[in-house]
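**Q** First the structure, then my questions, so here it is.
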Amino acid sequence: MKISTRASATSIVALTLCTALVLPGVSIAASPAPTNLSTNAGATRHDPAGDASSSVAEAIKAADAKNVILLIGDGMGDSEITVARNYEYGAAGELPGIDALPLTGQYTTYSLYREGDTKGKPDYVPDSAATGSAWATGTKTYDNAVSVDIDQVPQPTILEIAKANGLKTGNVTTSEIQDATPAVLVAHVDARSCYGPDSPTCGNDALTEGGLGSISEQLIGTRPDVTLGGGSTSFEQTAKAGPWEGQTLFDQAAERGYQVIGDSAGLASVTTASQQEPVLGLFTPGNFPTRYTATAATVGGADLPPVTCQPNPERLASELSLGSLTTNAISLLDNDEGFFLQVEGASIDKRDHAADACGQIGETVDFDEAVQAALAFAEKDENTLVLVTADHAHSSQIVDSTPPTSLSTALATADGTIMKVSYGTAEAGESQQHTGSQLRIAGYGPGAANIVGLTDQTDTFFTMANALKLDRNTAAFSDNARLGVDRRIEPGATVSITAEQFNGDRQVTGAVTPGETTIDAADVVDGAATLSFTAPTEPGKYTVTVTGAQSGTQVTAKFMVK
């Protein structure tokens, strides 16, 4: 299906048809903005004499998807989209990626309270951890929680399930890779700030407490094929428990087979990504620098001369823009079996919190470039579902006159007029608040029709899982697991065990009985793992048991020390 050019618009069973201009090949660009808005039909975005029926019918593809690309504009509500469009392209213009998606709907985003009389009831203004967990797992949870339910039980994520089903997986962001939105795919913690082994908020999730570990440590174990973003600081921390105790997370990742890169040259050198050699690209200590330099909204600021956003000299090389990272990730993940990829434009939210209009605009434009990259691939591939949405709404508002007490900024837009943007949920220097409104979700490709109308954020998980025909009973993938071990072993010898067909697991552990010999966890790569231990010194008959860390599957083998 071609993304339609100025197809006529009407609402048919809650389907909203957007427009885009498809150039030769697969590149996507915005249609020219109308030049005379005051004439009859001068501001229409579609052919006034047309009929949308055939375009809508063409957009509804019921076939299964081979790939899913989920793009999240963090904090990107309708107001943030409109602010960016007005500034960059004018009120009658189009964001070439976001506005090109042919099917749109709205979804609800509320989280849940975790305790007390309101436990399990709606919390109307969510955070990014709860909202991300909703689409990542299909389970609503409380603010601050990363892919656990309101009783702190880990919930399998779409990335973990896709991986177990044999798909390649990827996670791309402009934030620290441990931040809530990317973390929900790869970790399960009670506190979203549990970034690394030094994080004081990890509590019972810390490896030292017998937990699954910090977000960074769990990420290494989850083993996506491609991970690109910021957050190198946490990987410089040292593991305090577990098989890799005493090693930095960077050293641990390298020892566990990752291709660890930290700049554009390193990214350019990577040609493949697989479970044998997954890619871990961390390009900044924290979040990426923004596209535009910051502007600070002030009380009465919209009465000051209008601002024109300026390029940020600290912005990363173009090869590390979100659009370029998206293209690279798709290239590394594309394969015959399919892939799941999440891409986040993180700092729309972060600059909204700071009442920074230019910052949020630039990040929305960067995000739109990533959407364009995804759509270009999907149109050529024809088997890819692209979903574009946000996690929660935010506080920027386009206002008619300067508010007397709220923070505001005046911007000189592409129309040659002034747009006033207001932030009214916090005082200067404090963090603006999220808001609780429903959000746009838009889609293209097989299964996109399932996002139309009003859905909930948790529906998105099922839309993606169903489009990919994922078997969610991943524990059963380890039902045929088996072990290979020598039957006769010398006392005190180093023993190597081969565990195979543990396809529902990411790690396995082991134990030898009789006695108290435990075997350190080992990564499962393409269903197989190798575990090592020192044989008992006493002659006799022994049993080794290997357990899948995720499936709970146990397989035993007997050997003789002689």
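Including glycine, each Cβ sits where the backbone N, Cα and C put it.
Because the structure is a prediction, the values reported are computed rather than measured.
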**Q** Per TrEMBL, what member of Glu319, Glu337, Glu344 joins Asp74, Asp179, Thr181 in binding Mg(2+) at one site?
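**A** That Mg(2+) site, as TrEMBL gives it, pairs Asp74, Asp179, Thr181 with Glu344.
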**Q** What does TrEMBL give as the disulfide partner of Cys358, choosing from Cys202, Cys309?
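**A** If we follow TrEMBL, the cysteine bonded to Cys358 turns out to be Cys309.
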**Q** What is the nearest of the recorded positions Ser128, Cys309, Cys358 to His434 (Zn(2+) 1 binding site), using the Cα of each?
**A** Ser128
**Q** Excluding Asp349, His353, His434, please set out which residues of the same chain place their CB within 8 Å of the center of the CB atoms of the Zn(2+) 1 site, keeping sequence order.
**A** Asp74, Gly75, Ser128, Lys350, Asp352, His392, His394, Ser395, Ser431, Gln432, Gln433
**Q** Using other CB atoms within 10 angstroms as the count, which residue among the disulfide-bonded residues Cys194, Cys202, Cys309, Cys358 scores least?
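**A** Among the disulfide-bonded residues Cys194, Cys202, Cys309, Cys358, the lowest count of other Cβ atoms within 10 Å belongs to Cys309.
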**Q** Filter the recorded positions Ser128, Cys194, Cys202, Asp349 down to the ones within 10 angstroms of Cys358 (disulfide bond), Cα to Cα, kept in sequence order.
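**A** Cα filter at 10 Å returns nothing.
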**Q** Looking at the recorded positions Ser128, Cys309, Asp349, His353, whose Cα is closest in space to that of Cys194 (disulfide bond)?
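**A** Nearest by Cα distance to Cys194 (disulfide bond): Ser128.
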